[in-house]
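Encoded as structure tokens, the structure appears first; notes follow it.
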Amino acid sequence: MTQDELKKAVGWAALEYVKPGTIVGVGTGSTASHFIDALATMKGQIEGAVSSSEASTAKLKSYGIPVFDCNEVDSLDIYVDGADEINHQMQMIKGGGAALTREKIIAAVAKTFVCIVDESKQVDVLGKFPLPVEVIPMARSYVARELVKLGGLPEYRENVVTDNGNVILDVYNLTILNPIELENKINSIAGVVTVGLFANRGADIVLMGTSEGVKTIK
């Protein structure tokens, strides 16, 4: 199977966790896009969705799936999204698509976070994929200097503005042995909106596309 076929397989496999009558948290990216395709087959059975990006919102609406503001819901039964990297503790790096802050908010609201990935995303230690950090524009240089102190090599992601009007620094050269500690440290830097480490709130279920089929990890 190609990588895209693996992504499609896990996107459709996630439908098993969607309960009729609920509002579904929906992520962003190529794998989440396959999940939206699958979710469209249940559009008459679910109340709607909360989306982590303008791109996902547009796709959901194109299928006629109602999209709610996160402030309109008290809780979400499920949140389905991909990851750029995931370790064996189900902690992740996310934010390659620059939607990390909204993704983190929806993950916090959701009772169950189902992460859908192909097997190339699994790693023993996080950090090979550059770690995205969403930053208030005026703090960009200061935050970059602070990230260097943590051993990182931050790079400004040019021509990218997040849906929240902020900028992204991608941090290279990190071997993340303690993801929770690093998440807390980076989040405490003035001017950081959030870091793309999902360690304090990791995944509850991982659906991993492999050459042998979809593997479920809980």
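Cβ coordinates come from backbone N, Cα and C, glycine included.
Remember, predicted model here, so these are calculated numbers, not experimental data.
Cross-referencing Lys121, Lys128, Lys149 against the substrate binding annotation in Swiss-Prot, which names Thr28, Gly29, Ser30, Thr31, Asp81, Gly82, Ala83, Asp84, Lys94, Gly95, Gly96, Gly97, picks out Lys121. Same-chain residues at least 6 positions away in sequence with a Cβ under 8 Å from that of Lys121 (substrate binding site) are, in sequence order, Gly82, Ala83, Asp84, Glu85, Ile86, Met208. Its own atom aside, the Cβ of Ser30 (substrate binding site) has 15 Cβ atoms within 10 angstroms in the protein chains shown. In the three-state DSSP assignment, the secondary structure recorded for Ser30 (substrate binding site) is helix. Around the Cβ of Glu103 (active site, proton acceptor), a 10 Å sphere holds 31 further Cβ atoms from the protein chains shown.
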